[in-house]
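> Sharing a structure here in structure tokens format.
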Amino acid sequence: MEVPLQKSAPGSALSPARVLGGIQRPRHLSVFEFESDGFLGSPEPTASSSPVTTLTQTMHNLAGLGSEPPKAQVGSLSFQNRLADLSLSRRTSECSLSSESSESSDAGLCMDSPSPVDPQMAERTFEQAIQAASRVIQNEQFTIKRFRSLPVRLLEHSPVLQSITNSRALDSWRKTEAGYRAAANSPGEDKENDGYIFKMPQELPHSSSAQALAEWVSRRQAFTQRPSSAPDLMCLTTEWKMEVEELSPVAQSSSLTPVERASEEDDGFVDILESDLKDDEKVPAGMENLISAPLVKKLDKEEEQDLIMFSKCQRLFRSPSMPCSVIRPILKRLERPQDRDVPVQSKRRKSVTPLEEQQLEEPKARVFRSKSLCHEIENILDSDHRGLIGDYSKAFLLQTVDGKHQDLKYISPETMVALLTGKFSNIVEKFVIVDCRYPYEYEGGHIKNAVNLPLERDAETFLLQRPIMPCSLDKRIILIFHCEFSSERGPRMCRFIRERDRAANDYPSLYYPEMYILKGGYKEFFPQHPNFCEPQDYRPMNHEAFRDELRNFRLKTRSWAGERSRRELCSRLQDQ
């Protein structure tokens, strides 16, 4: 059984025109056509049923809000019938729930029912709220994407477009638009159409394809006459500048009225594309010139004489719209003198300072490097000194060979023979052959003019206490050490003399800067050159007849070595 709907008060909670937080409900839904029977959200009277039953019936009636709006009275009747079916089905499903909660509802423990609402008053209030919301939306300005770079209202304020003669069209268009808005907001208009915002755009009349193609070809030909590079812009005359300004997209966009803009944005562009596909083989003459013509325009001789040359940097970074007269030329004189044979006489300016002051000015003193050997020593140390003698002043005179010790220089027996025969007499003032063997070995056979110095103290006394000095700086003093094999005693004696020589002189000066070792010793020299030995014999160190002498000289050598080490230790302690 249907319960009759009662009218709801306009200020009730379920009234559509109720304002939440002071904001009116915007018009986002189409207006429903309500019947006089009642409003969809109006509740049932509380006297005939319990509050829970009333709330259930109210929810059944509200279920129709999600359905499609009716378009005629017949649709509204079917809509009410559908609501009745829904309410019956839901009542049967929830009868058990209402019976169980009857006791609590009678006790007054449920929600209060909303007050009744008048359907006609609710419909009128809802329409007024939607109309007010539509006026707010119409007054707001939305940012719409434009195809032009300048907005419509700012076109007449642009300094570039101040000389446009069609600004009146803009004013008339603005007035027309204002008239449309005033007519739309007038109170005498129908309320149903007053809230309407969006309208279907009307199609613009398309121009014929032949007319659009002709206009497109004329624009292409005009574009081909424009300068194609920065050098062409520099050579423009006054007439060319006017033509370029007319062809500028800014000027073209400013010279169009809003009505022309709308027609130009959609003035048969699709038709032009279709005609391009049909006439693809027919290329306009302007396009052929654009493809085949050179980028740089060739000037005549008369135009070249009138042209002012500018620096490359200024031409590269200059704006194309910048006039040529602003940039200064490189040369103040545009034409150089033709007669270069005759010197150009320039006037010499008189000096401001008097001659007396010029004469009193003293010349600036030049700074010279102080005389020092440090620079030379650094150069010597930085260079490869392995090919130089001990004081790094000269290279080795004799030809050297590889030996057992890499820090010493070795010579062959043939080089020794050349030295004995006097082949280096013009350079070598004196050479000393130091025989480091024991005395019984020396007496058994030795090289001619050799000196026997078996002990280190004997060598130090003979060579360093009274050093041999050359008579001239061009001459050299050479020392040659050897023993039986030139493997132990000869190299040790050579190092000892160099060590004492370094201690006795300031670095890098030496008494004997050039010293050699005879490779192979006396054992290798005697079989090859016995004529340069006296006596012509060879006595080895381990000879059975001289074992006692060998033992004595070894003890002396060890004691001398021990005394030397003790003396060195004492000297180091004294220095500390």
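A Cβ is built for glycine as well, from the same backbone N, Cα and C atoms used for every other residue.
Annotations for this protein, taken from Swiss-Prot, read as follows:
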type	residues	note
ACT_SITE	C483	active site
COMPBIAS	90-105	compositional bias 'Low complexity'
DOMAIN	427-534	domain 'Rhodanese'
REGION	90-119	region 'Disordered'
REGION	338-358	region 'Disordered'
> Would you mind listing, in sequence order, the residues at least six apart from C483 (active site) in the same chain with a Cβ closer than 8 Å to its Cβ?
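Once residues fewer than 6 apart are set aside, C483 (active site) is near D435, C436, R437, R489, G490, G521, Y522.
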> Any idea what the model's mean pLDDT is for the domain 'Rhodanese' (427-534)?
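Averaged over the domain 'Rhodanese' (427-534), per-residue pLDDT gives 94.
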> Quick one: DSSP breakdown of the domain 'Rhodanese' (427-534) into helix, strand and coil?
43 helix, 27 strand, 38 coil
